[in-house]
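What TrEMBL records for this protein:
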BINDING   135, 136, 278, 287, 296  substrate binding site
BINDING   170, 215, 270  divalent metal cation binding site
Ligand SMILES: NC(=O)C1=CN([C@@H]2O[C@H](COP(=O)(O)OP(=O)(O)OC[C@H]3O[C@@H](n4cnc5c(N)ncnc54)[C@H](O)[C@@H]3O)[C@@H](O)[C@H]2O)C=CC1
Ligand SMILES: NCC(=O)COP(=O)(O)O
């Protein structure tokens, strides 16, 4: 069986901490074998700082699977990072980006089952010259190297209580109304429908589509995007045989009775749907990129700089991300 590739993420954040903790807690959580891609020296220093007794074992990728029972296998990429928790340095940007690129390449070459990413600091990477606002967009570009051809990445935040997709992702709120088109909504929802069937095994996913404006526009009194863009998109989705309904006012879509009526809520912008899911399931939510020719999962939180190196970061979201990547790539019956 192939291992999962886990990226180191921002070296000054909690990624190294929670990766070490996930290995420590692997048996209790029945985690599939994984290896980390990053700087072995930093990982050793962080393990010593945390005092959690996790052996860090530098390996070549083909040794990762057999090494996993004995220590956290770490595959080195070029570059190094000093162990300075909470003090990000754009000079480590190359290492962070290389860790992601290398994980995807391992999947493409059949050396890893899937990629699980640790959090990056978007502004720190931007200062290092990274041209993408997040993993999601960068993974969409890396996916072009796969035989299956071009793909469009879609962000899903998955939890047992609620699953959500933001139709627009990392962009200023002021740009959302211009960027929201019928085609974008239809493409996004069609990818969600396809991947919920093929990857998550849902027979007929029920998609609830949010409005953009208060009260979903209140018949045009409070905004026109619902009539101009969102309703026509839902009509086209229905014509395609996709179970899409709405547009619903977002403020009443997340209480328990409403949640029972759909499988995935699609919001028009990031915070509209990430606020409810992180409120309900911050410690167990998993970020999954749909629309790719491979599986990528991630914890739903960020770098939590103030917790790095303290031992107070909770590894539960990363543990869920590793477990979900394992389930999504498990061989069929
Ligand atoms: N997938 C990714 O790479 C993501 C990266 N980020 C990046 O993270 C950086 C910080 O973003 P914030 O908005 O502050 O979000 P954050 O998720 O890092 O922190 C928000 C709050 O939750 C706490 N927290 C986060 N993870 C925790 C954990 N595992 N255990 C215990 N407490 C935890 C933090 O201490 C803080 O109080 C930003 O640079 C952002 O770009 C944010 C979200 C996802
Ligand atoms: N708020 C979630 C988030 O920003 C995750 O972004 P990505 O790095 O997974 O694209």
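Along the chain as shown, the residues are counted starting at 1.
Just so you know, glycine gets a Cβ as well, placed from its N, Cα and C.
No curator has checked TrEMBL annotations; they are predicted automatically.
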From binding-site residues 135, 278, 296, the one whose Cα lies nearest residue 215 (divalent metal cation binding site): 278
For ligand 2, pick out the binding-site residues 135, 215, 278, 296 that have a CB under 6 angstroms away from one of its atoms. 135
Including all protein chains displayed, how many Cβ atoms other than that of residue 135 (substrate binding site) lie within 10 Å of its Cβ? 26
Using C-alpha atoms only, work out the spacing between residue 296 (substrate binding site) and residue 270 (divalent metal cation binding site) and round it to an integer in Å. 19
Rounded to the nearest Å - Cα separation of residue 270 (divalent metal cation binding site) and residue 278 (substrate binding site): 12
Taking DSSP three-state, what's residue 287 (substrate binding site) in: helix, strand or coil? strand
Rounded to a whole angstrom, what is the C-alpha distance between residue 135 (substrate binding site) and residue 170 (divalent metal cation binding site)? 10
Looking at substrate and its recorded binding residues 135, 136, 278, 287, 296, figure out the farthest C-alpha pair and report it in angstrom, whole number. 19
Surrounding CB atoms that lie within 10 Å of the CB of residue 215 (divalent metal cation binding site), all protein chains: 15
Check residue 296 (substrate binding site) against DSSP and tell me helix, strand or coil, would you? strand
To the nearest whole angstrom, state the Cα distance for the pair residue 170 (divalent metal cation binding site) and residue 136 (substrate binding site). 9
Select the most exposed residue of 170, 270, 278, where exposure means the fewest other Cβ atoms within 10 Å, treating these as the binding-site residues. 170
For residue 136 (substrate binding site), which residues of its chain lie six or more apart in sequence with Cβ-Cβ distance below 8 Å? 153, 154, 155, 169, 170, 289
